[in-house]
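Per TrEMBL, the features are:
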type: TRANSMEM; residues: B:23-43; note: transmembrane segment
type: TRANSMEM; residues: B:49-68; note: transmembrane segment
type: TRANSMEM; residues: B:80-100; note: transmembrane segment
type: TRANSMEM; residues: B:130-160; note: transmembrane segment
type: DOMAIN; residues: B:134-346; note: domain 'ABC transmembrane type-1'
type: TRANSMEM; residues: B:172-199; note: transmembrane segment
type: TRANSMEM; residues: B:205-222; note: transmembrane segment
type: TRANSMEM; residues: B:254-272; note: transmembrane segment
type: TRANSMEM; residues: B:328-349; note: transmembrane segment
Amino acid sequence: MAKSIDVSGLNIYYGDFLAVQDVNVTIKARAVTALIGPSGCGKSTFLRTLNRMHEVIPGARVEGDVVLGSDAIYGPNVDPVEVRRTVGMVFQRPNPFPTMSIYENVLAGNRLNNRKLKKADADAIVEKALSGANLWSEVKDRLNKPGMGLSGGQQQRLCIARAIAVEPQVLLMDEPCSALDPISTAAVEDLIHELKTDYTIVIVTHNMQQAARVSEYTGFFNLKAAGQPGHLVEFNKTSKMFSTPEQESTEAYISGRFG
Amino acid sequence: MSSTFPSSTLPPRSLTANALPRWAPLLVAVVSAGLGVLASVLFSWGVAGLVLVAGSAMLLLLPLWSAVVENGRKAKDRLMTGLVWSTLAVALLPLVSLLWKVISKGAPQINGDFLTYTMRNVILAQQGGIYHALIGTLLVTVMAGIISIPIGIFCAIYLIEYGAGSRLAQAITFLVDVMTGIPSIVAGLFAYALLVALLGPGTQMAFGGAIALSLLMIPVVVRSTEEMLKLVPNDLREAAYALGVPKWRTIAKVVLPTALSGIITGVTLAIARVIGETAPLVIICGMTDGVNTNPFSQAMATLPVFIYSTFQEGTGTSVSAIANADRAWGAALVLIVIVMALNLLARFIGKIFAPKTGR
Ligand SMILES: Nc1ncnc2c1ncn2[C@@H]1O[C@H](COP(=O)(O)OP(=O)(O)OP(=O)(O)O)[C@@H](O)[C@H]1O
Ligand SMILES: [Mg+2]
């Protein structure tokens, strides 16, 4: 059920501002793809075009094609809401729903879409998603407490549980560990390892070791120059990227000789 | 790096400094009060003079003493503290005296009969009551709420969630601002003209009053709801979208519940704001002595109009005039209690529905 993503000739705009230019890449199914690059080069922007979250921002638009499996997600008659049900997303900052308990937060994707669930099924989904996010043992005795009452790291794992509870085919993660301690980070990385058997995962990270640890493929984004749009400099197997990158700027960024 | 600040520009530092004793403000207060009493007795300035002299003495003496013993910064601090407290006192003065006046004049009128009798066939100083006006105020306000709360909330949802920045939204925001400033009498005249246009001249009905009140209420509801919706973090909307939740359902199930406590508080305050409106109701609802529960025909008594008309009949020294003035004060007290109850209710509801952090 996991699907690959084909991106061709993608230009991403905020109003008249071209943020990312001419991305061509194929993201493999059932694999982890890491996106790295300096701040402001358009990693988040690119990620958000993969589930049509980009166009939520007023004035934002794209040119080019993104094909999920065999469906062009920017094709005519495509419902962005359906795209987002297929391509889940975890944000940089944890954002549990403040009016909902832990239990309701996990079920939010189902409940908010009015899917009727039997109590037993709902319980099963909650336990599976929370176990998947390595959170079950910490919260199983307080499922009815507010989600906002968890620590920042726990909230982030709750958000991951919420995203996988709707069983998407692709999971996008924008710096999911930037607010987490090493232990929670390790938990999330383990989780990514487990999830990749079922999902296609794209993860943005500033942590080179993390990219090397979790991903099979890595894409390096960079700005051509200050004030120029970002672009995809190099896309390769992670092992190759971190040993013998093709581009000089990749080598410079990875080895820390950047800027 | 060898550049440091030239040490000569910095004053010598010491962590201890002279301080006034902790009872200093108290002592100054006593002295100032003494001065005030002295002045008012000597020059027979009365209570106003006493308060004025004592207040300004307190404001001056403590900073002066502090300037001598302590330092300039602490003296300024004491002066500003004094100013802040005295402005607070000045601001509270009218409120407290108003409450005092209304309670002292109104409380003796309040009893079970006052709340359950009407004024039908009441003559001279017989026991009358405000039951008919209470019912009328209740009906008119509830109708105004039914009209204006949905309109106001949906308008705010459009402005924040859909319109954001568009021409139409800017125009609506401008009109809402203009509506906020409409004098209530104008709203009343408008509603009256509407009724006359639809039903012919001389029409009196409570529903028209409700229309006038909702004209006053809608902008308040729109504004407060708008502010509350703006406070809902965009992260939450995006989180819902990313789960594949359509926009309208995101608004209904995520945005509104998150903002609910603030919206309800705003609505309750809007009701409190219009419940004492008099001018439009004088025009449209009129006045009557008995209970009228049909909002679509005839005059209906309401508390503010009741106060207005009984007070008008209450000038003079005749038995019935004195009784009417008393009834006006009683009704005023009841109105104030209702408004206060609504305010407390708003706070209470705000607490109940506030998103829980669980910490
Ligand atoms: N909402 C927006 N409106 C206009 N421009 C935006 C918006 N969001 C991002 N940009 C611009 O798009 C460019 C790419 O931003 P983006 O957030 O994708 O960078 P990033 O690679 O994710 O950086 P970081 O590593 O700091 O998260 C930047 O120049 C940024 O200023
Ligand atoms: Mg980013």
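A Cβ is built for glycine as well, from the same backbone N, Cα and C atoms used for every other residue.
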Quick one: find which recorded stretch in B:172-199, B:254-272, B:328-349 has the most Cβ pairs under 8 Å with the transmembrane segment (B:130-160).
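Going through each listed stretch, the top one turns out to be B:254-272.
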For the transmembrane segment (B:205-222), find every same-chain residue at least 6 residues outside the stretch whose CB is under 8 Å from a CB in it, and list them.
136, 139-141, 143-145, 147-149, 151-153, 155-156, 159, 176-177, 179-180, 182, 184, 187-188, 190-192, 194-195, 266-267, 269-271, 273-274, 277, 280-281, 283-285, 292, 294-298, 300, 302
With pairs 6 or more apart in sequence, are the transmembrane segment (B:80-100) and the transmembrane segment (B:172-199) linked by at least 3 Cβ pairs under 8 Å?
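Answer no: the transmembrane segment (B:80-100) and the transmembrane segment (B:172-199) share fewer than 3 Cβ pairs below 8 Å.
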Given a Cβ distance threshold of under 8 angstroms, which distant residues of the chain, six or more beyond its ends, lie next to the transmembrane segment (B:172-199)?
155, 158-159, 163, 205, 208-209, 211-213, 215-216, 218-220, 222-223, 277-284
Which residues, given as numbers and ranges, are at least 6 beyond the ends of the transmembrane segment (B:254-272) yet have a Cβ under 8 Å from it?
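That would be 141, 144-145, 148-149, 152-153, 157, 161, 217, 220-221, 223-225, 227-229, 231-232, 236-237, 239-240, 245, 339, 342-343, 345-347, 349-355.
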Are there residues at least 6 beyond the ends of the transmembrane segment (B:23-43) whose Cβ is under 8 Å from a Cβ of it, and what are they?
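Those are 49-55, 57-58, 61-62, 65-66, in sequence order.
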